[in-house]
Amino acid sequence: MHYKKAFLASLLSSIALTAYAPPEPWATLTPSSKMDGGTTEYRTSFGLAVIPFTVTESKVKRNVISQINDGQVQVTTQKLPHPVSQIGDGQIQVTTQKVPPVVSHIVSQIGDGQLQITTAKNVVTKSTIAVPSKTVTATATSTATAVSQIHDGQVQVTISSASSSSVLSKSKLEPTKKPNNEKVIKVQACKSSGTLAITLQEGVLIDSSGRIGSIVANRQFQFDGPPPQAGAIYAGGWSITKHGTLAIGDNDVFYQCLSGTFYNLYDQSIGGQCNPVHLQTVGLVDC
């Protein structure tokens, strides 16, 4: 009987070990390629501003990303450019607004981590916006709106429509100089309640609540955990390009896709209501 019990115990142990597969560390969920010259370390808190692609380089519309409580990132629709905000769950959102002559929209964050873009009229004395191969500098008063985050971590951006006054003179476009690590972020925006504030540590994005920035199964950009949401595609491999835009792997093109009164952010287009954008990194200042 003793040997029979020992045999059964050994058999059950073998079955358990065979069925067990150690989970893959989320930090290894990274793209196979990297951004050439990208910065993977930036421990000072910074925000994100949405720069939609336009017909000409001189027309720059910047919406700051906000984040709702669950970590999702969204962009709301408003008449002024807004920073990305974050709602409570970590989602990122961007509201829709009309862009003034020179405006920075900062993403805000709500309780769950989602990101949203609120409408703030904070004035910035000087704003320099880096875009591929070019740098747009404006010394006139600028409206800076930080992206917000809702409670779940989602990132949202409110809907904004660019006005004709958002055209910048081509004479102010200058080649971008190669930045060092301290100067990789060249744009500043006013920080307000709910503004998405993140740091970059060894290629991992972390929001002010300690949640991890990731591209989840449906390709949406949001903050969760740690660990990231189950089924996440990427949780590491983030960097800031030499132009000051956020990148995942070797890609710095994201998509804001309309969802009701706000946009969600994705690393790929998921349909006809999506538009390509750059996520400009911005320094956060109290105004």
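Heads up, the Cβ atoms here are built off N, Cα and C, so glycines get one too.
Per Swiss-Prot, these features apply:
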type	residues	note
REPEAT	81-99	repeat 'PIR1/2/3 2'
REPEAT	104-122	repeat 'PIR1/2/3 3'
SIGNAL	1-21	signal peptide
SITE	Q72	site 'Covalent attachment to cell wall glycan'
SITE	Q91	site 'Covalent attachment to cell wall glycan'
SITE	Q114	site 'Covalent attachment to cell wall glycan'
SITE	Q154	site 'Covalent attachment to cell wall glycan'
I need the CA-to-CA distance for Q91 (site 'Covalent attachment to cell wall glycan') versus Q154 (site 'Covalent attachment to cell wall glycan'), whole Å please.
0
What count of other C-beta atoms do you get within 10 angstroms of the C-beta of Q91 (site 'Covalent attachment to cell wall glycan'), across all chains shown?
40
Among all protein chains shown, how many Cβ atoms are found within 10 Å of the Cβ of Q154 (site 'Covalent attachment to cell wall glycan'), not counting that one?
40
